[in-house]
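Peer 1: Copied straight from Swiss-Prot:
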BINDING   SER23, PRO24, SER25, GLY26, ALA27, GLY28, LYS29, THR30  ATP binding site
DOMAIN    16-195  domain 'Guanylate kinase-like'
Amino acid sequence: MKDGAAGSLNGIERRGLMFVLSSPSGAGKTTLSRMLVDEAPGLRMSVSATTRPKRPGEVDGRDYYFVDRPKFDAMVEAGEFLEWANVFDNCYGTPRAPVEAALSAGNDVLFDIDWQGTQQLRSRASNDVVSVFILPPSVQDLEHRLHTRAQDSDEVIRGRMKKAGDEMSHFDAYDYIVVNDNIGVAFESVKAILRAEQLKRERQIGIDAFVREMRRELEK
């Protein structure tokens, strides 16, 4: 259940942050992202633009902005993305305008992106980025999850498994590591990370005024 006002904690104004979840395909970042958005107050999911085909049940503008390759290339050329990458022959990118609007309003923005996108975000706004890398408990478990979700062909799954090793090699570029052996436990870990980062003094931009007012009252 969400509660509290966006842009504040205990009535203290704060700056929004960009919260990144990355993982090899099948390790659970998308499930964790949805759980976090459902429960964390003031957290909004960043909606990426993509050139990949729409999957059953997906809605344009909610899950992704589905665009063709010429449109995507034009957006890159115009500098409309905070980050973008080519993944499995499809392009993904984060539109700049809605993210900047959310942060300026004091909302947190959640990113379900790969390590390349994370590095691009850091290069543009390092102080506002908090990154978490999700690992599977084993290679066997990862492969089992990819087969169980029945979204991809065997050939695509082999490609995802091959890429997983490269993605895992960048774990040390992240602030936090969570092993997803149990989705409930992993979720509690990720939620605790978000809460701790929200409470950091430097993000509570209204804390000086809050303390000054209490001191003023004590001095009466």
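Placement of Cβ uses the backbone N, Cα and C atoms for every residue, glycine included.
Are these features on the surface or tucked inside, and what touches them?
Peer 2: Counting only residues at least six positions away in the same chain, the Cβ atoms of LYS29, PHE133, ILE134, LEU135, PRO136, GLU167, ASN180 sit under 8 Å from the Cβ of SER23 (ATP binding site).
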Peer 1: Counting across all protein chains shown, how many other Cβ atoms sit within 10 Å of the Cβ of ALA27 (ATP binding site)?
Peer 2: 27
Peer 1: Over the span of the domain 'Guanylate kinase-like' (16-195), how high is the average pLDDT in this prediction?
Peer 2: 90
Peer 1: Around GLY26 (ATP binding site), which residues of its chain at least 6 apart sit with Cβ under 8 Å of its Cβ?
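Peer 2: Sequence-distant Cβ neighbours: PRO136, LEU142, GLU143, ARG145, LEU146, ARG149, ARG160, ALA164.
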Peer 1: Mind telling me which of the binding-site residues SER25, THR30 has the densest Cβ neighbourhood, counting other Cβ atoms within 10 Å?
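Peer 2: Compared across SER25, THR30, the most Cβ atoms within 10 Å surround SER25.
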